[in-house]
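Visitor: Structure provided below as structure tokens; questions to follow.
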Amino acid sequence: MTPLIYSTLIISLGIGTTLTFASTHWYLAWMGIEINTLAIIPLMTQSHSPRATEATTKYFFAQATASATLLFAATSNAFFTGSWDILQTNNPLSYTLMTLALAMKIGLAPLHSWMPEVMQGLTLLTGLILSTWQKLAPFCLIYQIQPHSPNLFMALGLLSIVAGGWGGFNQVQLRKILAYSSIAHLGWMVLILSFSPPLTLVAFSTYLMMTFSLFYSFMMTKTTHINSLSTSWAKIPTLTALTPLILLSLGGLPPLTGFLPKWMILQELTKQDLALVAVLAALFSLFSLYFYLRLSYTMTLTMPPNNPAGTLPWRLNPSHNTLPP
Amino acid sequence: MSYLMCVLLLGLVLGLVAVASNPSPYFAAMGLVVVAGVGCGVLVGTGGCFLSLVLFLIYLGGMLVVFAYSAAMAAEPFPEGWGSWPTLRLVGGYLVGVAVARGLLGKNWYEEDWSGFDSILGLTVLRGDVGGVSLMYSSGGWLLMGGGWVLLLTLFVVLELTRGLGRGALRAV
């Protein structure tokens, strides 16, 4: 891709999210989301393979459906209440439709089926942009919708934790595992949104940092499958030592940072007299912990069979930018 | 006039069913043309004649014509119209859906009042639609530029996707 087009697309990604963040009118917020969707399409097809084209097509269908539903919900809100203000979405049809549309945009269950297939067809860098940057703009809008009852958000959240954990159970492709992990984490964020929005932001920011780190460590060792992960331990030994920490943080184990949002969310749920929801969320997160543990097991804790030359990649010219080498 | 509006709205719904029931692009493009034409008629009926004219020219006469030509390039030996069984099944399903939605959401058999472009603002020199166009160029200048940027971005995206012959994602036809 020529540098001019590449920079135009990257700048448009920035413009779209900024526009949604800065807007109080539903039209402008929708416009920002559409700019994001359009700008990432050529970035997704960059590897020019049929798999990438298929992933891009699926992404476009899912996002276009969600955008159309979002626009319809905003227009129906304007029809019933006369206001285009994002904070004034009082009509029940509107905020329900908006919640479902935005849930489809970020990949919450039961509207999550596009996520693993789309992530599988992308390079790790594009998957990273999809998992982190593309979630910012719809999440900003989810944060601002104020529904009258927490039921829909809790249902979406709990279903996402279940789907993200249970779905990632049998995966060996790292990008699909990361997609399911993203679904589960977004489920935790949305679960607590009606009760304590700051906790949602805590969960979101920790998720961004942890997912970015994990994607980047996979990018540095260029691994996309558990098989290649198992023989990648000798490439960058420091990374091999640190990646289990990232994985266990994603799994939510203390004393790592990833435990903090889960702890506070469980505490807030108990304070709201929703102990059963808290127990279910914690139990189904064990599924996610299982596949994070499996990744750290294959990468760091065991040495799968390889010839002795497999112990030497760290001696070769480094293609990474870590220090110390 | 009420009867004409009823007919136009019925045509809108039937055209929607015709497009959504997944026929070949030939027939779907025809369905789109019908929907666009009928939609313009509805706009005229509620008082927005300038918008209707612009829609006819740009949407029907610009974009749909281009779409019809590119659909003609995707020629099939056995195109599926609305008589073929899979499409007919979907048509039946959508008509049932329309009837169910009418039963759930519709209230009465007589026409409800559409406010239209004439009666909102009271006594004005300009009608609603022309006044809106002038506002778009004056107060809505920044939004117009944003909309122009989105269209330019779409152009770049499509050009990048169809660069063809290995450098794009879709092969050049």
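For all residues, glycine too, the Cβ spot is worked out from N, Cα and C.
Owing to the predicted nature of the structure, the values given are computational and were not obtained by experimental measurement.
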Visitor: Match it up for me: which of A:6-28, A:29-51 does TrEMBL list as transmembrane segment?
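Guide: Within the set A:6-28, A:29-51, TrEMBL attaches transmembrane segment to A:6-28.
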Visitor: By a Cβ-Cβ criterion of under 8 Å, what residues six or more beyond either terminus of the transmembrane segment (A:201-221) are in contact with it?
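Guide: For the transmembrane segment (A:201-221), the far contacts come to 124-125, 127-128, 131-132, 139, 143, 174, 178, 181-182, 185-186, 188-189, 192, 228-229, 232, 235-236, 239, 242-243, 246-247, 249-250, 257-258, 260-262, 264-265, 320, 322.
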Visitor: Take the transmembrane segment (A:151-170) and find every residue of the same chain, 6 or more past its ends, with a Cβ under 8 Å from one of its Cβ atoms.
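Guide: Result: 96, 99-100, 103, 108-110, 112, 116, 176-177, 179-194, 274, 277, 280-281, 284-288, 290-291.
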Visitor: Check the transmembrane segment (A:6-28) against each of A:59-80, A:92-111, A:177-195, A:274-293 and return whichever range has the most CB pairs under 8 Å.
Guide: A:59-80
Visitor: Please indicate, using numbers and ranges, the residues of the same chain that are 6 or more beyond the transmembrane segment (A:59-80) and have a C-beta under 8 Å from a C-beta there.
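Guide: Here the qualifying positions are 26-27, 30, 33-34, 37, 40-41, 44, 88-91, 93-95, 97-98, 100-102, 104-105, 111, 114, 118, 130.
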